[in-house]
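Notes follow once the structure below has been shown.
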């Protein structure tokens, strides 16, 4: 994905680097950079500063570009009235748990499917990949019914973090990503470990996992953002106010709260994922495109 | 639209067998059984989760759609749930709205990212920055982003961002979510803004795989920019274009959080009610889980129909 100036694209390098082409290229570049900044960053600016405006200023026409009399109080109100500390803690807790469960169980499964290849492994893989075709909305009702009364065990998982953690393990995309990565690790390494008498677990732990750090990072980041962005499922399985996630909590309060405060809370809720993105954007982008396109 | 895969590339014929399966013939039966057991031991955790939270609910959804549970007693009711759901006055409206959204989203959310990617791919400068910008909204929690649109952008008074811009341009302002005609376009704009980043990045990656010689040859033949896009770029990215079209249809058919937050559910004159919202309504407000399951099955059948058409179309091209 690195900038590859050597590759020829739609328009040739020579056409861009001289005369009229050069002028057009630079004009277009400046226009696009400005337009994208406005379209994608503009709303975020509007959000952060809008939450600083007073109720009166919000309602004024035309809207002001800068808050005239910034009200950080809106952010403080959001933090206190919505109990954001609690909501953020819950979401963080669910996200960490989701990462651990997915890393352990999905990695083990992908390792088995890629390297140990037990009997019926391919059938299991096909059934797993088949779930990618089933829209989440179709499953929401039977999944909910299953969670409130687990088969055989007859346990009700409502308000339990397991209701978020365990369904996320059933993630065929992660298993697919991990398996593809493991497939690319040479069989000779496995054979060598086997010669030395290492067990399967030992091989996974000391040979496969150290080589797989990039993909494990990608899976973890996707797990965190999936929990942070999800809405309907946590809304259904975490019904009490003490266990809500941040998005659901803000939604629950939106009706009776001044809109500046709701927006301030939305800004705070978005900060963690934005920070994760800015730190890990390279991993996220490569994770998005690995396994997706070939040739 | 976060999930994007293409079917796995077929196994190379020369691929070496696993060191476990390639054991010399003299391996005892006991050893083979043990190896298989080890393999399944590693699989078991994930498989249990798939069984309980994915495969079993899939079957259970179909079963539930033919049953009715009243006061703890479950009976078979045949097609009753289906006829009740179809008789719901919102049923056809919801499908109409959902299809309308899907089509609008294809026009806007599908075509725009492709041309954005083609454009970005031509830039020799600032590409990293532009890529981050496009993907940034994808990382926001949808609820946060939608509250922003609801309160600040789609404010029907002239204090709203969009109306202020329209007014500054001397264009007529709009009631946005309070006008039945504008509801869907407004939701598509918000949804595209939130979700297009993923598609742009995937297109960008596939554009980088187009061999430069093809463009050179086309240029020597005197093809202009548009003809190069038509005859080189689009055919070369055909598979990924078709795949993303399918994924996008599946995603937009599940339209839910946009109507819930932007339009408080049904919207002005039912203009925002979607099929997914109807599932939610029946299942969790009208205490009709069986009806909701039936609607889920109908949705699955419709999407399977789309997939069948998709498979036929793509198979024909190859």
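Every residue, even glycine, has its Cβ placed from backbone N, Cα and C.
Worth saying up front: this structure is predicted, and the values here are computed from it rather than measured.
What TrEMBL says about this one:
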{"type": "DOMAIN", "residues": "A:88-280", "note": "domain 'ABC transmembrane type-1'"}
{"type": "TRANSMEM", "residues": "A:23-46", "note": "transmembrane segment"}
{"type": "TRANSMEM", "residues": "A:92-111", "note": "transmembrane segment"}
{"type": "TRANSMEM", "residues": "A:123-142", "note": "transmembrane segment"}
{"type": "TRANSMEM", "residues": "A:162-182", "note": "transmembrane segment"}
{"type": "TRANSMEM", "residues": "A:203-228", "note": "transmembrane segment"}
{"type": "TRANSMEM", "residues": "A:248-280", "note": "transmembrane segment"}
Going along the chain, which residues at least six beyond the ends of the transmembrane segment (A:203-228) come within the CB cut-off of under 8 Å?
-> 91, 94-96, 98-99, 102-103, 106-108, 111, 115, 164, 168, 174, 177-178, 181-182, 185, 189-190, 193-194, 234, 245-247, 272-273, 276, 280, 283-284, 286-287, 290
Counting Cβ pairs under 8 Å that sit 6 or more residues apart, are there three or more between the transmembrane segment (A:123-142) and the transmembrane segment (A:92-111)?
-> no
Mind checking which residues of the chain, 6+ beyond the ends of the transmembrane segment (A:92-111), have their Cβ under 8 Å from one of its Cβ atoms?
-> 161, 164-166, 168-169, 171, 174-175, 178-179, 181-182, 204, 208-209, 212, 216, 219-220, 223-224, 226-228, 234, 245, 272
